[in-house]
There are 2 protein chains.
Amino acid sequence: MDKIIESLKFDDKGLMPAVVQDWKDNVVLMVAYMNKEAVKRTLETKKATFWSRSRQSFWVKGESSGNIQELKEFYYDCDADCILLKVNQIGDAACHTGYRSCFFTKVKSALDTEIVGERLFDPDKVYRK
Amino acid sequence: MDKIIESLKFDDKGLMPAVVQDWKDNVVLMVAYMNKEAVKRTLETKKATFWSRSRQSFWVKGESSGNIQELKEFYYDCDADCILLKVNQIGDAACHTGYRSCFFTKVKSALDTEIVGERLFDPDKVYRK
């Protein structure tokens, strides 16, 4: 484990981006950030675990919503500075807004965007206050 | 154009990651970085254009190898801090090592990785000195 983690090149904040892809159809669900410990926890627990830059804490994806991501495959790139996870997305939707993918905003033209896909859950119901 | 670019949230270095996906089968080819001008050039020219952090210069993907990426679709995520490009990859291989995807290193076990895929070109022949 340490051998693999030591070969990864984290940035000056100790982080690197991780692309999360649905292992069933290769849809890109989200991008989040990992530090060494998040990589370790993800590989050990087989649940995608990130470092939340806004909350400055570890974040097991799906902890609140139940929509966890079971790790199927773990890759890193030719520069060893980016990770790709293939996951089994429980509950289908990865995005906290209720969309399947965080990439639901498509640039349609120079001035216009459109929303693609549909909400799979209502965030107000899932993330209770 | 400016409206879209102004809605994007670049990091403290003026950059954000861009995931590049093959529009035909959703394979993730690579992740690179864009600044405002790279976003503008990509949308205008329809050729994926990045900011090279190592060279500190603009980088039209495929400029040297001929393996350019024709922009098909341009998305950004729910936080507006990550981009997803769907491209038509000319020459099939995106990685400068000759592999189709930069993510050819798969973590097999706690101590071991394996190379997946095969080289589609010989970098020594493509990037002539």
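Any Cβ shown, glycine's included, is placed from N, Cα and C.
Unlike curated records, TrEMBL annotations are generated automatically.
According to TrEMBL, the features are:
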- B:30-104: domain 'Phosphoribosyl-AMP cyclohydrolase' (DOMAIN)
- B:Asp77, B:Asp79, B:Asp81: Mg(2+) binding site (BINDING)
- B:Cys78, B:Cys95, B:Cys102: Zn(2+) binding site (BINDING)
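Everything TrEMBL records as a feature, shown here on the structure.
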residue	record	contacts (Cβ under 8 Å, 6+ apart)
B:Asp77	Mg(2+) binding site	B:Ile83, B:Leu84
B:Cys78	Zn(2+) binding site	none
B:Asp79	Mg(2+) binding site	B:Lys9
B:Asp81	Mg(2+) binding site	B:Leu8, B:Lys9, B:Phe10, B:Asp11, B:Met16
B:Cys95	Zn(2+) binding site	B:Leu29, B:Met30, B:Ser101, B:Cys102, B:Phe104
Requested in this report: Starting from the Cβ of B:Cys102 (Zn(2+) binding site), draw a 10 Å sphere and report how many other Cβ atoms land inside it.
Outcome: 24
Query raised in the report: If you run through the domain 'Phosphoribosyl-AMP cyclohydrolase' (B:30-104) with DSSP, how many residues end up as helix, strand and coil?
Result: 10 helix, 30 strand, 35 coil
